[in-house]
Amino acid sequence: MKHFEANFDGLVGPTHNYAGLSFGNVASLSNAALVSNPKAAAKQGLQKAKALADMGMVQGMLAPQERPDLYTLRRIGFSGSDANVLKQAAKEAPMLLNACCSASSMWTANAATVSPSADTRDGKLHFTPANLVDKLHRSIEPLTTGRILTATFSDPHYFHHHSHLPEHNSFGDEGAANHTRLCNEYGHAGVELFVYGQEATNPNAPKPQKYPARQTLEASMAVARLHQLEEDNCVFIQQNPDVIDQGVFHNDVIAVGNQNVLFYHEQAFLNTQHKIDEIKRKLDTELYFIEVPTAKVAINDAVKSYLFNTQIITLPSGEMVIVAPTDCQENPAVFAYLNELLTLNTPIKQVLYFDVKQSMQNGGGPACLRLRVAMNEMEVAAVNQHTLMNDALFARLNLWVDKHYRDRLTTQDLADPQLIIESRTALDELTQIMKLGSVYQFQR
């Protein structure tokens, strides 16, 4: 049976804007108040997804969240007509309105943690939506995320869906952005690397001082239990608190893995060698640990260019390729390193560059935009086929974006009642295109 690693990219929502909501994310804060282009953002994401599909990769799309989120605004006391709710919130609590209009669900690396059937005791693919409790604008996503995932991976014979973890900082969970999987072949049992920022229940353990550690060890261990993983399938690694304080808010900003390759910065982890030894003990295959020295790429350059927020994919030919943002080309140190990497004795043979600047300016590169799902061909056949990228879906979604999306949006525009109508009309049509059913609150 054939096995693949599918990528499910987040479709950028109609309210994509730059409100600077993500403390600890340097790009998000530094680009606050820029004028965004939702239409361009959605099309950049679709172009990347289609390019991977054209390379023979299994590529899907995940629908965005409903925004503005009027249900949350009503929960916190704003009332009256929909237009009045927006008007009140804009006047009395503009930052709360901004949080309820964020298109951050485009970064599906934070949608959930996924464990493939080759690793789990019941032989099913497991999904746990991330609770994202550290950021208000993301903490309102998990229920809808769960519905979208269930509508996409709907066959209970193959897919096991869990609820998100308790909504408390002790179980702060940011999903696949702090999780990667090493293996020989995608269909073979592998080792899942759970990277955490702090131990919530141990006040003496190392933790960052400036920016929050969004992922706890307790959350990572809970997900491993839910997914029925054996101890021999798991390695728990602490991210270096110093790099979190330099803007590395998720592990996928400082490390990325694929099959038998782990590509990471030398400052990425604590106790790096000890953990590499544990991985080698638990995974009996030839492994490539590609450590990038600070002398060649400083942390600041890694964060600005998103060198590690790249995708490493294995093409159907067996060739391993890095999918990088064009920002990596524009950074001399990073571009020089990537050119050098191709001359080294590793499986990575090519770098492909994509323009995802609308996402990058909000702090999300190519790896943020995708949720990885290792699957066999029977599981791929059980996926909602209307979510899988092909020529027809690409054309239809581009027309849908042209029809419904603005090409200019400011934070002041978020109070425009017309945005509610535009967004709901677009999403209602999208659920028909992708055959998702009633996943949104306004449809229920």
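Just so you know, glycine gets a Cβ as well, placed from its N, Cα and C.
Annotated in Swiss-Prot:
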ACT_SITE  Glu174  active site
ACT_SITE  His250  active site
ACT_SITE  Cys368  active site, nucleophile
BINDING   19-28, Asn110, 137-138, Arg214, Asp252, Asn362  substrate binding site
Using all protein chains shown, find which of the recorded positions Arg138, His250 scores highest when you count other CB atoms within 10 A of its CB. His250
CB neighbours of Glu174 (active site) within 10 A? 31
Around the Cβ of Cys368 (active site, nucleophile), the count of other Cβ atoms that are within 10 Å: 27
